[in-house]
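Features of the protein shown, as given by Swiss-Prot:
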- 12-18, 40-42, 304, 330-332, 412-414: GTP binding site (BINDING)
- 13, 40: Mg(2+) binding site (BINDING)
- 13, 14, 15, 16, 38, 39, 40, 41, 128, 142, 223, 238, 302: IMP binding site (BINDING)
- 13: active site, proton acceptor (ACT_SITE)
- 41: active site, proton donor (ACT_SITE)
- 298, 299, 300, 301, 302, 303, 304: substrate binding site (BINDING)
């Protein structure tokens, strides 16, 4: 039995969907613990592409229970559309469970999100405009609508009549937007409630029961460590906690129940939206990474900013999440490069630093200090073992593992399930490297 958290170790979009899909083969339960439709994951199976935002990656396995936890925020319209999409493809969603205490994104959340971002002007943070921040804000203000409220028609009518009238004042007076019709919204969401009712349960009890029965549970995060509300590049962050600690809060599982944390990183770095990005590449090289990596957001279609691998934020992610091992994705994107650079430290106002600064203003002044490695100039997409990889690619992987001080358990070389090298069992294999007295790692990727 193993209870495993899969987290993003960069700014999101690391390929968590594929890695979670791979690990779901040996999982009995897959749980999404935070975020909403502001994040998407893409899974490619036998040439067929599945793009999901709320439903966990394990949905493609009929014997795997899939749970949307209490730490998420749910847009019922989009969730129902995902359910219908899967049914059209003859994929059952009978094993999908939704937390009754998850909060619900309402139409006024989306309107306020978009209007607020527009009003920020040059201070915009790059929100997706899907209403995620305002939904979490209402949760904190204790004025939010929860899934269990949708299941109570009389209570929902009373709650929404007051809430929508209150939000209409904000929409009209602050943002000069037309008001919402309370009755129209109420009827719309009562309809959503009936569609979702068969899936709604106390998911914390379901997860607790699975733990007691010693089932394998996979906790799936959205976004990434550097987008965490408390530990990311604030204010250019999301409104929840994608870090490993968020899995406990967002599901109702005690921290002593977690056995392992797997971090997912690209072989380079991407970021979407605003905020500092020390290793960002402009010009032809950045465009090459973007094109080869198909770096366009699943949710918004926005072009992602691309740059070299940043080991400073990588080590930070290892520390903040307590990562035991790493899955490295999109190694194949680097196949055409003569040389590859890795950021090993920052120059901050003339001082060398190997630590991630907590201030975004200071982070914006960071200049990368690079180590240059030779490229391999051959395709790796057909490699299925470490022995198949060119020596320069092996050297690159070993260098990253040494910098991160965690073993690399999985190497992904394309979008399909089979384009993967399993270096070590990511569930039961080596954990975070122990250090010798001189500070050098005791166990790392060996080739």
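Every residue, even glycine, has its Cβ placed from backbone N, Cα and C.
Sequence features, as recorded in Swiss-Prot, placed on the structure.
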residue	record	DSSP (3 states)
12	GTP binding site	coil
40	Mg(2+) binding site	coil
223	IMP binding site	coil
301	substrate binding site	coil
413	GTP binding site	coil
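In three-state terms derived from DSSP, residue 128 (IMP binding site) belongs to neither a helical nor a strand segment and is classed as coil. Its Cβ placed at the centre, residue 128 (IMP binding site) has 23 other Cβ atoms within 10 Å. The most densely surrounded of the binding-site residues 12, 15, 40, 301 is 12 (count of other Cβ atoms within 10 A of its Cβ). Taking the C-alpha positions, the distance from residue 38 (IMP binding site) to residue 12 (GTP binding site) comes to 11 Å. Comparing C-alpha positions, residue 301 (substrate binding site) sits nearest to 128 among the binding-site residues 18, 42, 128, 331.
For residue 42 (GTP binding site), the Cβ neighbour count at a 10 Å cut-off comes to 17, with all displayed protein chains included. Taking each Cβ in turn and tallying the other Cβ atoms within 10 Å, the top scorer among the recorded positions 41, 302, 304 is 41. The separation of residue 304 (substrate binding site) from residue 223 (IMP binding site), Cα to Cα, is 13 Å.
Across the residues annotated as binding IMP (13, 14, 15, 16, 38, 39, 40, 41, 128, 142, 223, 238, 302), the two Cα atoms farthest apart lie 34 Å from each other.
Summary: among the binding-site residues (18, 303), the fewest other C-beta atoms within 10 A of the C-beta are counted at 303.
Residue 413 (GTP binding site) is 29 Å away from residue 128 (IMP binding site) when you measure Cα to Cα. The closest partner of residue 18 (GTP binding site) among the recorded positions, by CA position, is 41; the full candidate set was 40, 41, 302, 303, 304. With a cut-off of 8 Å between CB atoms and residues at least 6 apart in sequence, the same chain places 267, 380, 393, 396, 397, 411, 412, 413 near residue 331 (GTP binding site), listed in sequence order.
Spacing of residue 12 (GTP binding site) relative to residue 302 (IMP binding site) is 13 Å (Cα to Cα, whole number). The Cα atom of residue 302 (IMP binding site) lies nearest to that of 40, taking the recorded positions 15, 40, 41 as the candidates.
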